[in-house]
Amino acid sequence: MKIAVCPGSFDPVTLGHLDIIERASKLFDKVIVLVSFNKNKNKAVFSTKERIEMIIAVTKDLDNVVVDCFDGLLADYLKMTGAEVIVKGLRAVSDFEYEFQMALANKKLYNDAETVFLTTAGENMFLSSSVVKEIASFGGDISGFVSPAILEKIKNRLCPNTDAQQADNAV
Ligand code: PNS
């Protein structure tokens with residue numbers, strides 16, 4: 001059984017992530033979407049539990065996809081679970097240097113680990129969790145960037161003046 005891991009911060013999961021997860025689910029027997037920790041990033045807006053819940057909500061129709069979290073090295077998670085493939089989405093040349101470095105480091109830490117890069121769909125080239133958070137925090141429309149299943153949750157958290165938040169506050 002070929003098990004692949006899609007690691008990331010997923011703060012929050014975007015349609016760009018979802019596209020990569022869906023395509024990985026067609027290539028591998030099982031895909032573990034792994035909420036992992038990026039030491040180079042500031043504190044996450046959404047808790048680990050919230051990020052997991054959002055990923056579960058958007059992947060509920062993908063039978064061979066499961067969600068997990070791990071706060072150690074990705075290479076150690078692979079050794080522990082028997083997964084041998086790391087799937088990452090590549091948006092642009094700017095992603096490449098960092099991702100290339102990660103792939104080589106993970107290979108050095110665990111020789112069986114193969115990193116597979118899937119090119120992001122053209123319409124998602126610009127898309128990232130940070131872009132979603134920035135637009136949402138100004139009350140902009142993020143409906144084209146995240147799944148409808150998690151749209152209200154993100155708006156509620158990031159744009160406190162929306163109708164949804166006012167309704168939330170009234171309860
Ligand atoms: O979505 P991100 O923030 O680009 O994902 C980066 C992530 C979380 C996949 C990466 O930082 C990671 O693998 N973290 C786990 C710790 C680890 O193994 N670091 C790499 C050592 S070479």
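Backbone N, Cα and C atoms are what each Cβ position is placed from, and that goes for glycine too.
What TrEMBL lists as domain 'Cytidyltransferase-like' is 5-134. The ATP binding site annotation in TrEMBL covers SER9, PHE10, HIS17, GLY89, LEU90, ARG91, GLU99, ASN124, MET125, PHE126, LEU127, SER128, SER129, SER130. Among the features that TrEMBL reports, substrate binding site is placed at SER9, LYS41, LEU74, LYS88. Annotation comment: TrEMBL describes HIS17 as site 'Transition state stabilizer'.
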Rounding to the nearest whole angstrom, report the longest C-alpha distance spanning SER9, PHE10, HIS17, GLY89, LEU90, ARG91, GLU99, ASN124, MET125, PHE126, LEU127, SER128, SER129, SER130, listed for ATP.
18
Whose Cβ, among the binding-site residues HIS17, LYS41, LYS88, has more other Cβ atoms within 10 Å than any of the rest?
HIS17
Taking 8 Å from the centroid of the Cβ atoms of SER9, LYS41, LEU74, LYS88 as the cut-off, which other residues in that chain fall inside it around the substrate site?
PRO7, GLY8, SER36, PHE37, ASN38, MET102
What subset of the binding-site residues SER9, HIS17, LEU90, GLU99, LEU127 lies within 10 angstroms of LYS41 (substrate binding site), using C-alpha positions?
SER9
Hey, how far is SER129 (ATP binding site) from LEU74 (substrate binding site), Cα to Cα, in Å?
20
Quick one: which of the binding-site residues (HIS17, GLU99, MET125, SER129) have their CB closer than 6 Å to ligand 1?
none
Per DSSP, what is the residue count of the domain 'Cytidyltransferase-like' (5-134) in each of helix, strand and coil?
58 helix, 27 strand, 45 coil
Give me the CA-CA distance between HIS17 (ATP binding site) and LEU74 (substrate binding site), in Å, as a whole number.
18
How far is it from GLU99 (ATP binding site) to LEU74 (substrate binding site), counting Cα to Cα, in Å?
13
Per-residue pLDDT averaged over the domain 'Cytidyltransferase-like' (5-134) comes to what?
96
Out of LEU74, LEU90, MET125, LEU127, which of the binding-site residues is least crowded by other Cβ atoms within 10 Å?
MET125
Reported as an integer number of Å, what is the Cα distance between LEU74 (substrate binding site) and MET125 (ATP binding site)?
25
